[in-house]
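Just below is one structure, and these are the notes that go with it.
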Amino acid sequence: LTMMARKMKETDSEEEIREAFRVFDKDGNGFISAAELRHVMTNLGEKLTDEEVDEMIREADIDGDGQVNYEEFVAMMTSK
């Protein structure tokens, strides 16, 4: 039973992460750009400078392509 609950919890958080990624990935291309990140953060009431947004992208952008893909997003969300 504990194992089942743990599995459901994992699935739940995976689905939440997937949903969060969809919110950020406005154009649905599978990547979060700096512009998309800025847009969502602004809607959440966060006033960030371009430098702050770029820094957030750099921190999450493991492969260095300037965007955050789903795998990078998951790594960022689960690293805490």
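For all residues, glycine too, the Cβ spot is worked out from N, Cα and C.
Counting residues 6+ beyond its ends, the domain 'EF-hand 3' (12-47) has Cβ neighbours under 8 Å at 53-54, 56-57, 66-70, 73-74, 77-78 in the same chain. Feature annotation from Swiss-Prot assigns domain 'EF-hand 3' to 12-47; the stated evidence is sequence analysis.
Listed in sequence order, PHE24, ASP25, LYS26, ASP27 are the same-chain residues at least 6 apart in sequence whose CB falls under 8 Å from the CB of GLU36 (Ca(2+) 3 binding site). The feature Ca(2+) 3 binding site is assigned by Swiss-Prot to ASP25, ASP27, ASN29, GLU36.
Long-range contacts of the domain 'EF-hand 4' (48-80) within the same chain, counting only residues at least 6 positions beyond its ends with a Cβ under 8 Å from a Cβ of the stretch, are 17-18, 20-21, 24, 30-34, 37-38, 41-42. Taken from Swiss-Prot, the feature domain 'EF-hand 4' applies to 48-80, supported by sequence analysis.
For ASP61, ASP63, ASP65, GLN67, GLU72, the entry in Swiss-Prot reads Ca(2+) 4 binding site. In sequence order, ALA60, ASP61, ILE62, ASP63 are the residues of the chain that are 6 or more apart from GLU72 (Ca(2+) 4 binding site) and have a CB within less than 8 Å of its CB.
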Residue pair GLN67 (Ca(2+) 4 binding site), ASN29 (Ca(2+) 3 binding site) - Cα distance, angstrom, rounded: 11
Alpha-carbon spacing, ASN29 (Ca(2+) 3 binding site) to ASP65 (Ca(2+) 4 binding site), which is rounded to whole Å: 14
Three-class DSSP secondary structure - GLU72 (Ca(2+) 4 binding site): helix
